[in-house]
Amino acid sequence: MILVIDVGNTNCTVGVYEKQKLLKHWRMTTDRHRTSDELGMTVLNFFSYANLTPSDIQGIIISSVVPPIMHAMETMCVRYFNIRPLIVGPGIKTGLNLKVDNPREIGSDRIVNAVAASEEYGTPVIVVDFGTATTFCYIDESGVYQGGAIAPGIMISTEALYNRAAKLPRVDIAESSQIIGKSTVSSMQAGIFYGFVGQCEGIIAEMKKQSNASPVVVATGGLARMITEKSSAVDILDPFLTLKGLELLYRRNKPTTEK
């Protein structure tokens, strides 16, 4: 079995694979002050609930966009699983040709998603990840990662509206059936929801235009389902795209299952 860990700005997603099949998955809050022991106890609780043991795990791979948590995360892997994890970063074999100004500055989550989408759905492909930031990545028909766009995420934008506009309340993010709100709350929810639907459709349309191609569009991330159910611009919703990419990268870099 392989343990895959995606450390995002808001949540960490943990998954267990066996023979390329996702058996279990969990989420926990990303807390850069959490110790290796706290991380270990959390993961072991997940395992206990699923009737798994640390000895079941033969390899670990981690993707992280939160550098401060990585020392604790790596220590946790060694202390509780007796495994030194494979870290997604410079030097790892991805199979992607990165045609960008500085390949080292591309977030590991974007690389992982690009690898998974290219393998699973073919190229050309656009990957949209609705996370803390909303990211758009374009991989051309030759499998070359051409770059993309990064926009503020839905949660960030909603909190900014509340924090910077004195008379506007904090609202829950929700799908709105009406673009014309009848109250402050419903107006904010309509603006947030339809604003991001429009942003998604607009950026995808412009990427298709500038690339002069007809890529398949794959969406992932915590809020992807809500947006994609309203938008016809997205072809495929894959909530486990990042975990798939991590498992694939593990196989490409560690074909054996030795500890």
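Note that Cβ sites are derived from N, Cα and C of the backbone, with glycine treated the same way.
Matching T75, T94, T123, T132 to the ATP binding residues that Swiss-Prot gives (D6, V7, G8, N9, T10, N11, C12, T13) identifies T132. Across the residues annotated as binding substrate (G107, S108, D109, R110, T184), the widest Cα-Cα separation comes to 39 Å.
D6 (ATP binding site) and D129 (K(+) binding site) have their C-alpha atoms 13 Å apart, to the nearest angstrom. Residues listed for ATP, D6, V7, G8, N9, T10, N11, C12, T13, T132, cover a largest CA to CA span of 14 Å.
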